[in-house]
Amino acid sequence: MKLDDIKISRAIVEGYMEELLDYMDMDVAIGGGGPSGLTAGYYLARAGLKVALFERKLSIGGGMWGGGMMFNKIVVQDEGKEILDEFGVRSRPYDEGYHVADSVEATSTLCSRACQAGLKIFNLMSIEDVMIRDEGITGLVLNWSSVEMAGLHVDPLTVRAGAVIDATGHDCEIVKVVERKIGPELNTADGRIQGERSMWADVGEAALIENTREVYPNLYVAGMASNAVYGAPRMGPIFGGMLVSGRRVAEMIIEKLK
Ligand code: 48F
């Protein structure tokens with residue numbers, strides 16, 4: 001077969017544009033493709049919701065690839081292991097209640113299984129703002145990451161969603177935008193972001209599930225963003241809470257939207 005370069009280009013542009021147009025309206029938009037965002041996307045897609053994830057970087061997976069200090073292993077507790085099992089990620093017991101998995105296998109499998117469940121991932125896109133209407137958050141304001149990185153003065157585009165998840169990790173970037181735009185109106189102790197506390201795995205993991213919440217109408221937090229918003233500790237390379245938080249936020253949204 002003789003290859004036509006233009007046909008290859010057309011296939012890429014047409015395929016991409018078709019999907020981008022399709023996802024201008026969706027049930028759930030997820031910001032950030034770390035473990036919590038991917039897990040949320042998997043469960044939401046599996047429940048039949050139309051869900052897309054927007055990730056700033058080229059690679060999906062956030063802070064999970066590198067394990068702890070580049071030792072590419074992750075640790076999960078029993079509940080996290082159940083989720084790894086469901087994804088088909090292998091792990092081995094370490095001590096009672098501790099399980100160790102390969103971070104590369106875990107990250108790539110989460111990404112692959114979430115896509116196959118129906119999650120649409122747009123990488124290289126940065127969320128720079130949100131749409132705020134009377135009923136709460138109604139969508140995201142997006143730009144190419146390359147525009148952001150180059151500091152170009154180029155206006156963004158918008159997508160509409162019934163619910164938005166901030167899974168942007170330690171920086172809780174979506175909630176930060178909301179706080180900046182509307183002031184102390186968040187569903188926290190004083191309406192503001194409480195800020196992440198220093199590393200304490202035990203307390204951080206326990207608080208994370210409690211902190212996986214709707215922080216403003218139609219805006220949910222999951223993963224490390226939850227502890228940053230609600231003022232709980234970070235927890236380093238233990239990832240069970242991230243997976244459970246992703247599943248929890250999906251359950252909350254499925255309950256609300258269905
Ligand atoms: O940081 P990240 O992995 O978030 P997570 O799911 O998991 C946290 C753990 O990796 C680890 C930990 C375990 O105890 O503490 O840190 O909470 O992934 C967040 C993703 O969001 C992307 C970012 O590039 C990363 O891949 N991101 C951040 N801001 C934006 C964004 C933005 N404005 N637009 C799009 N993506």
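Placed from the backbone N, Cα and C atoms, the Cβ positions cover glycine too.
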Item to check | Listed in TrEMBL for the NAD(+) site shared with Ser36, Glu55, Arg56, Ile127, His153, Val154, Asp155, Met224, one of Gly63, Gly162, Gly231 | outcome: Gly63
Next on the checklist: Out of the binding-site residues I have (Arg56, Ile127, Val154, Asp155), which ones have their Cβ sitting under 6 Å from ligand 1?
Outcome noted: Arg56, Ile127
Checklist entry - C-alpha of Arg56 (NAD(+) binding site) to C-alpha of His170 (Fe cation binding site): distance in Å? => result 14
Checklist outcome for this item: Looking at the binding-site residues Ile127, Val154, the one with the fewest other Cβ atoms inside 10 Å is Val154
Next on the checklist: Assuming the binding residues for NAD(+) are exactly those in the record, Ser36, Glu55, Arg56, Gly63, Ile127, His153, Val154, Asp155, Met224, what is the maximum CA-CA distance in angstrom, rounded?
Outcome noted: 32
Checklist entry - What three-state secondary structure does DSSP assign to Arg56 (NAD(+) binding site)? => result coil
